[in-house]
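Q: Here it is, the structure, as structure tokens.
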Amino acid sequence: MKSSFLLIGCILLSLVTAVIRLNMVWEWEWQLLLINVDLLPINQAAVKAALLPEMTTSFLAGGLLAIASSGLQHIVRNNLASDSTLAVSSGAQLALMIAVIFFPAAELFSSFWIALLGSLAAIVLVLFIAKASKLNPLTLILGGLIVNILFGAIASLLTLFYFDFLFGVMVWGSGSLLQDGWATSIILAITVVVAFFIFVLLSRPLTILSLDDEQARRLGAPVNLLRYLVIFVCAAITALVVSKIGVIGFIGFAGASLAHFAKIRHLLLRLLIAFLAGGFLLFFTNNLIGIVSRIYDTLLPVGAFTATLGAPLLIFLVLRQRKAQFEASNTAYFPVKRLNSWKLPILLLCAGVILFCLLQIIAPTMNGWAISIDENLMSSYRLPRSLSAIATGAMLAVSGSLLQILTRNPMASPEVLGVSSGATIAAILSFLLFPTLSSIGFLLFGVLGSLAVLALIMWLSRKLQPSALMIAGVAIGALVSGLMAIIQLSGSPRLTAVISWLSGSTYYANPNTVWILLSVAILLISATLLFIKPLRLISLGETVSLHLGLEVKKVQMIVLLLIALMSAASTLAVGPMSFIGLMTPHLAKNLGAITPEKQIPISALLGAMLMLIADWLGRYLIFPYEIGAGIIASILGGIYFLLLLKQHK
């Protein structure tokens, strides 16, 4: 019943916004809209040829994405699956970006086939990862998250080097529904008919597939063939939409979710409801953006806007499904052995010192790689950047360990849960709005952003199982990504520095500020060590901690403040990073550091070393050009966690 009201409300809002937009744009009699465009004056013809096809395209594209998401949800039996959460759209977009840069002639052949190749590659990779866990809902969604981050890192790398060339692609990739005729609408309409025809043919075996695989096989359904066929159809639908209008975030997921909440068992009827819901949602969103753009004389990307609207919906759905979808998980992803001595931390410290010294003198020169000892170069360039990498890596690693202990969740980290994203968006907004703000002011904004996200996470952690909390992180990340896409298209001249900073670069480190950052890192990590005993009790569970007399709320608030400070400081110093805070606690556990007193210092050492290596590789891998350490860390961390999830059963 609630779903019916939501759908009816969406339709009414869509119609209201359409009328308002038409009144704002169409200055003549409405009956002229029904006249052939060839018979109209040039000014009226231009408006009609753009406006009506755009509205039609928005409805058809939203409906198609909802069909694709609903089909994916049915085939993998996961109501959080969609073209967005399973990285289908990001795969299509990355493939198109690569084609535009390296194979521009391929675009003349067909952008659809390029996008289809990217979509299929993404979803096959996600399913391959989740296969070992028998398509476990959490593993499937986390696989999509990691592939999204990995593809996003590669896209960021391309954007960093081809920013001017890709600006138009960025505008289109953020979702552009601008039309100059009916060609796209006709193609999408034909696709709708073909998609429903295919699902009508497959409706009977797909209904059987709603049972588990064994029962479906006993009833004669070709399970694997059906699954691969539907995946191909959904990937093709997504690829077509992406190739025509760019990436539209979460519309497909929202439409499919509304159909799911209607609790309709008949597959074809559910697909029809999903189509209508997705279509009217995008129709409404596009009209709303058109109205805002008309009032403020600006251009807003539709896809980025839908991502910001879809993120709260995803959190709402996780809350609705917390009992049915997810199971608590407080186990490590690796078999571990307990560390009983301090030999390993000492060895790691010695190895880190040796590595640091070597990376200060090994560098490319005019004559190739050599031992380069130049005091001025080392003191003004290499040393500040290396120390910045060490400080940020250690702080992110410790933040990740603290979050995993507090939430009792092995997949928690500042990056995945959106803590770093909160600091990022707060810092960027303060930079664009108050460019003369001091470093302390930027840090304050970053801390406030981190604390806001942490407050949301801790509230959600009381309502969700630990593993379901990760999905909320996906939503927060999507929200920030959407806002970032809008900011990047604002045309501010300060955006070049912002994009470089977003890549996670230590480029702006200098001898005057690096010692402040290092001092902050030492101070905050040392403060963390004062809470080792309370953290050990918290790791046993809140009930046990309370019985042992621990003031859990007070400890949690102080530790959360430390996490926010470390996340904000590291983010402001070198930009947002991925996987350092997630990866290092797992590596520490794999080395036997189970208890907080061993896990935190070992994680700090590992984080510092990993960031040091990532920064050095970023500086010299394609010297004299540079890759941000954050991009290197994202790519290496993405590959690492894909392998990790592949092993998880």
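Quick reminder: no glycine exception, Cβ is built from N, Cα and C everywhere.
According to TrEMBL, the protein carries these features:
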TRANSMEM  80-106  transmembrane segment
TRANSMEM  112-130  transmembrane segment
TRANSMEM  223-241  transmembrane segment
TRANSMEM  247-264  transmembrane segment
TRANSMEM  271-292  transmembrane segment
TRANSMEM  344-363  transmembrane segment
TRANSMEM  383-403  transmembrane segment
TRANSMEM  415-434  transmembrane segment
TRANSMEM  440-460  transmembrane segment
TRANSMEM  467-487  transmembrane segment
TRANSMEM  513-532  transmembrane segment
TRANSMEM  558-580  transmembrane segment
Q: Is the transmembrane segment (383-403) packed against any residues at least 6 beyond its ends, judged by a Cβ distance under 8 Å, and which are they?
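A: Distal contacts: 356, 359-360, 409, 412-415, 417, 419-420, 506-507, 509-511, 513-515, 517-518, 520-521, 524-525, 528, 535, 559, 562-563, 566-567, 569-570, 573-574, 577, 580-585, 588, 596, 599-600, 603-612, 614-616, 619, 629.
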Q: Do the transmembrane segment (440-460) and the transmembrane segment (223-241) share at least 3 Cβ pairs closer than 8 Å, excluding pairs fewer than 6 residues apart in sequence?
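A: They do not touch: fewer than three Cβ pairs between the two stretches lie under 8 Å.
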Q: Hey, which of 223-241, 247-264, 344-363 has the most Cβ-Cβ pairs under 8 Å against the transmembrane segment (271-292)?
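A: By the under-8 Å Cβ criterion, the transmembrane segment (271-292) pairs most with 247-264.
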Q: For the transmembrane segment (247-264), could you work out the same-chain residues 6 or more beyond its ends whose Cβ comes under 8 Å from its Cβ atoms?
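A: For the transmembrane segment (247-264), the nonlocal Cβ contacts are 2-4, 6-7, 10, 61-70, 73, 79-80, 82-85, 89-90, 92-93, 173-175, 238, 241, 270-271, 273-279, 281-282, 285, 302-304, 306-307, 309-311, 313-314, 317, 320, 478, 481-482.
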Q: Out of 80-106, 344-363, 415-434, 558-580, what stretch is closest in contact terms to the transmembrane segment (223-241), meaning most Cβ pairs under 8 angstroms?
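A: Of the candidates 80-106, 344-363, 415-434, 558-580, 80-106 scores highest.
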Q: Who are the chain neighbours of the transmembrane segment (344-363) in space, where the CB to CB distance is under 8 Å and they lie at least 6 residues beyond its ends?
A: 369-373, 378, 382-383, 386, 390, 591-593, 598, 601-602, 605-606, 608-609, 612-613, 616, 620
